[in-house]
């Protein structure tokens, strides 16, 4: 359990007091933290002065509700910044995570702002799935008294760019809501668009929302604030890589690395279920190849965020080189008048396919042109950190953080290519080398608060990572609840990630059951969803006993296939029709008994 606090400007504690509080709670288990929380709440409620100072409930006056639907933290940061802007304007505002929002109250909202990202094939973030499903169901209410605005974050390298925001925007209007502002669809480089949009939202709401008393605006504005740390995406910790171990066999088609990073005395804290953000540098050899293909030298001065840098340095540290997009292909075609690429312009499907199959450097190789350095920089997108599900618990590893990295490797016409962050960690950071990292907290993927609750973990491939953290935590807490793992990969002998650890947990009785699916070890392919169906009766018994279900891994295929298998198990062994099974699984999601970390 992580203490949740508002931004430093709103903290009632000074930095020294906050440090003492964090130090005092570092070694407490989730159960102990919950008790301490209750203890202080009891102390507070025994003090009449504290009660007298409590502001009136926000429900007594209408205000603004911001719903944050975030997958990687960007949407949450935009929502929090908007909340702070509205508080500064002395407006009554409430910020709530989509997963905590009681969506049946949406009909009573007068002023509603939705900030959402998109995942997978145009799907809403995990924490917003239940709200999305409700709004698109027959149960959705009319919203004639609701004015709304939507800010949508996405990645134009994907086909269904900002689809979740488009869905929310169109459905809220269809239900009778009034658009305060047109929807904004923001790409990876979203900050400028978000800043402009926030200013327009504040202006639009000043004339429509009541001004709150300072105590009320602060109290409601701090609702569901997530975490605080001296380190963040924009101010990462410079840590050191201590272990880089290949954990797939010599003959495996996959290169999977177990990476351990030493956090030193930074005090950086995380929980099982969180992700590690990794800032990486592009391969100097890739930078050199791209520069030479464009007949540049690499020492040309370019401007990056107001600073003048040599082109080589800018490309290595500041720009995305390993992920192509339809926009880049289209802009390069138009800029260079390429005879090969111009026929693709205007055809979205062909542009998407070309971008997905042709890295930027090979696009330039196949369609050579001469660009000046600034034109190249303007063509590219800013480099963004990669997120990896954390594979460790600090209850066991203390000042370390572990991740499980599937290294992306492929060939383009005989030339070896690799993923930016995965090859950085696997190939280019030496032992004790520097790695810039931060924690991306994920409160939508948490172990049950009750240690007696059974846990079902479904994680093929590198989706196994958070469940290693879960088991370390359950073992450290001596949690009596049962644990069941479903894992799959191509081959038993080559791809059984962390095999010795799982066998030890089984022997010690910590891991109650383990079901394994090896897709290439026999004639018929077997996947984790097949194992779920095979164990349907027992799975249903666990669910009836209150088990929490966790899924981690590929969003596009695996997660959908697993969900379909779960629906079939619920329908068959729960005696339900398809609609009732879907409703049952939706209720599990709302109750936080069905959680997914998919990508």
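Each residue, glycine too, has its Cβ placed from N, Cα and C.
Checking the candidates 477, 561, 577 against Swiss-Prot: the one annotated together with 519, 520, 525, 526, 527, 528, 529 at the NADP(+) site is 561. DSSP places the residues of the domain 'Flavodoxin-like' (64-202) in helix, strand and coil in these numbers: 58 helix, 32 strand, 49 coil. Summary for the binding-site residues 117, 529: the Cβ-based neighbour count within 10 Å is maximal at 117.
DSSP assigns residue 388 (FAD binding site) to a strand. A simple way to gauge crowding: the CB of residue 406 (FAD binding site) has 19 other CB atoms within 10 angstroms, across all the protein chains here. For residue 519 (NADP(+) binding site), applying a Cβ distance below 8 Å and a minimum sequence separation of six or more within one chain yields 488, 489, 490, 525, 526, 527. Under a cutoff of 8 A between CB atoms, and with a sequence separation of 6+ in the same chain, the neighbours of residue 388 (FAD binding site) are 275, 276, 278, 403, 404, 405, 465. Neighbour count (other Cβ atoms within 10 Å of the Cβ, all protein chains): 21 for residue 322 (FAD binding site).
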